[in-house]
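Input: a single structure, listed below in structure tokens.
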């Protein structure tokens, strides 16, 4: 282990490895502060389960537009650099909302300002996630490609460690600290991330603005080993010849026109950025139209949308009716993280050669059976056979996270294999955004279901009916499995 870390440090540099680990650890550690957010919405703002889930869904919307951040950082450098400046911006967006919430009581005591600040914070976190993914992709290119798996492994390890620590300490902190102190403590991580950005040196795509910069393709995406500018070279040359003839005729009539060199440079830069944005968008659209990519993504989106997410309602039930403490709910999330890692290991060892349709079929059948455990919990049938609520919670948390990973892992691998060169990071971000958008819409559907059934704080009479509806809806995605290519597996397309 030590030798492995040493090799990564030598290959990529200690500062880069530290930044990667810190960002992914922070992403996992977010459970520390979001536990406090859930209790703030419930106990301080006195929101109903449906209103609380609505606020959370809106706050997480920035994770649904991740490709936008990738395209911007890919195509529009800031002072000649494509990653670190955007990472600094993202970190500032992640940092200041927590500082404001920790200092200003009114901002966390009113629903709208609270929701806006949470949305801004998620915007920064989502942008940082995209940028660091792009930096990892660039770092393992060419001669260092053999270390791609190692960087991904250390990233997942850091995020899992952050999730475990955040879940463990989140419940304890909520019991022993004021919520403003929790927000302030968490802001230390993005503050460290901001300082760490200055430790990593990024090679600029060009030095001073010059004609060499305007004609180079450094830093642009490549497709099939050729840069966008190289692909357009012959076309642009012919267009330039025609345009020069037209300008010479026009100038002969109107007299000489003097153009500022600075204006010409900035005009050329703007044109280059616009062309790069267009080419990236076109390439992304072409890749997305491939049935092998479009069909699984469509299924994954439908799998979220057609199943109402009532997790916030269950959180209210667990705390108000079952009287489960915040520290125990944190422990349940730790068990869930271990279930996620177990699901990943199980998939890699036993399931990756299985057909995707079969994996997804079994996964949804398993999720429907696990949802029935919530029926048992709400009906209190578990007590009649001597099984405590806490045992049911821990068992269900571990298994649900593990089975959900059986759905997630094949698409991670498939999307990575099918991304055309040059837009890997952006297409992967698009895939994740579709997943996140589907989850967000599913949360809105769950909030709507809770509102229709008049489920509120202190009134859970129709919660059992909501869970039964959720169980039935779990089978809907199975009817759309024809969208998954018949012969596709987790390791081949």
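Using N, Cα and C of the backbone, Cβ positions are placed for all residues, glycine too.
Fair warning: this is a prediction, and the values are worked out from it, not measured in the lab.
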Transmembrane segment per TrEMBL: which of the ranges 359-379, 380-400, 401-421 is that?
359-379
Taking 84-101, 102-119 as the choices, which stretch does TrEMBL tie to transmembrane segment?
84-101
Feature transmembrane segment in TrEMBL, mapped to one of the ranges 153-175, 176-198:
153-175
Taking the transmembrane segment (463-484) as the first stretch and the transmembrane segment (329-347) as the second, find out whether 3 or more Cβ pairs fall under 8 Å, excluding pairs closer than 6 in sequence.
no
Cβ pairs under 8 Å only, please: of the recorded stretches 54-72, 84-101, 299-317, 329-347, 359-379, which one is richest in them relative to the transmembrane segment (153-175)?
329-347
Against which stretches of its own chain does the transmembrane segment (54-72) lie, if we need a Cβ under 8 Å and a gap of at least six residues from its ends?
37-38, 41, 47, 86, 90, 111, 114-115, 118-119, 121-123, 125-127, 129-131, 134, 277, 280-281, 284, 312, 425-427, 429-430, 432-433, 436-437, 439-440, 443-444, 447
Is the transmembrane segment (329-347) packed against any residues at least 6 beyond its ends, judged by a Cβ distance under 8 Å, and which are they?
31, 35, 156, 160, 163-164, 167-172, 315, 318-319, 393-394, 397-406, 409-410, 490
Taking residues 6+ outside the transmembrane segment (84-101), which of them lie with a CB under 8 Å of any CB in it?
33, 69, 72-73, 77-78, 107-108, 114, 117-118, 120-121, 123-125, 127-128, 131-132, 135, 180, 183-184, 186-187, 190-191, 193-194, 197, 200, 202
For the transmembrane segment (359-379), could you work out the same-chain residues 6 or more beyond its ends whose Cβ comes under 8 Å from its Cβ atoms?
299, 303, 314, 317, 322, 351, 389, 392-393, 395-396, 399-400, 403-404, 406-407, 410, 460, 463-464, 467-468, 470-471, 474-475, 477-478, 481, 484, 490
